[in-house]
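Annotations per TrEMBL:
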type: BINDING; residues: R79, L117, E176; note: substrate binding site
Amino acid sequence: MLDFSHHFPITLAAKWQHEVEEYLPPELHSWLYDAQSLTARLKAHCKEFKVVVIGQEQQLCIEQDACDHIPVGEPVIVREVLLYCDDVPQVFARSLMPLATLTGDEAFLSDLGTKPLGQVIFNSPFLKRGDFSVAKFDAQSSVAALANALTLPASDVLWGRRSIFFLHDKPLAVAEVFLPHAFAYQTEGGTA
Ligand SMILES: C=C(O[C@@H]1C=C(C(=O)O)C=C[C@H]1O)C(=O)O
């Protein structure tokens with residue numbers, strides 16, 4: 001059983017931007033801005049999909065995670081996971097679930113375990129998704145260090161996205177970074 005709990009929290013410092021100036025290959029652009037469930041799209045590309053939980057902890061929202069809907073100091077559950085397709089780590093995800101969101105129909109989200117967040121929230125008729133922001137992560141980033149710990153090849157830059165979901169109008173922030181072997185970096189017509 002894979003255990004990366006000693007790496008928790010990986011954290012994620014990023015300069016999130018709604019649009020990036022530079023050219024994004026079509027496949028990467030498609031994965032970065034796909035509003036559907038990332039879990040569902042990854043599952044469609046592999047035989048065995050799994051979530052490995054790096055860690056989950058109640059914290060007060062820190063500056064680098066804060067956003068319009070989740071301010072610094074807001075009590076949140078931070079959840080960090082790896083999404084695997086056929087034993088290849090595809091995505092590092094860091095989600096912030098405010099305690100104020102984990103009420104009523106959403107209370108069970110604090111106890112997902114290895115169930116993918118997307119698998120449950122996309123079933124909700126009360127789900128809305130805000131706009132995407134994207135960011136690059138360089139070789140000095142915490143995600144690059146995680147990729148190294150996963151013995152993945154070094155890469156100059158990794159790309160990630162962040163969006164705010166609303167469940168019954170209560171916010172939940174999800175950031176996902178595509179790891180070096182991700183389908184997102186494979187050219188069209190490749191194996192992805
Ligand atoms: C939001 C989704 O859920 C995925 C699963 C996550 C989890 O289990 O923590 C986190 C981010 C996503 O990559 C999705 O599938 O789109």
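These residue numbers are counts, starting from 1, taken along the chain as shown.
Cβ from N, Cα, C; glycine included.
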Taking the Cβ of R79 (substrate binding site) as the centre, how many other Cβ atoms fall within a 10 Å radius?
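Neighbour count, Cβ to Cβ under the 10 Å cut-off: 24.
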What does DSSP assign E176 (substrate binding site), in three states?
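Note: E176 (substrate binding site) is in a strand by DSSP.
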So around the substrate site, R79, L117, E176 aside, which residues have their CB within 8 A of the centroid of those CB atoms?
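Counting only non-site residues, the set is E80, V81, A93, R94, S95, P116, G118, V174, A175.
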Restricting to the same chain and to sequence separations of six or more, state which residues have a Cβ under 8 Å from that of L117 (substrate binding site).
T39, R79, V81, A93, S95, L109, V174
Can you check what DSSP calls L117 (substrate binding site), collapsed to helix, strand or coil?
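Where L117 (substrate binding site) sits, the three-state DSSP reduction gives helix.
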Once near-sequence residues are set aside, which residues in the chain of E176 (substrate binding site), 6 or more away, have Cβ atoms under 8 Å from its Cβ?
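Listed in sequence order, they are L38, V91, F92, A93, G160, R161, R162.
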Per the record, substrate is bound by R79, L117, E176: how many Å separate the farthest pair of Cα atoms?
12
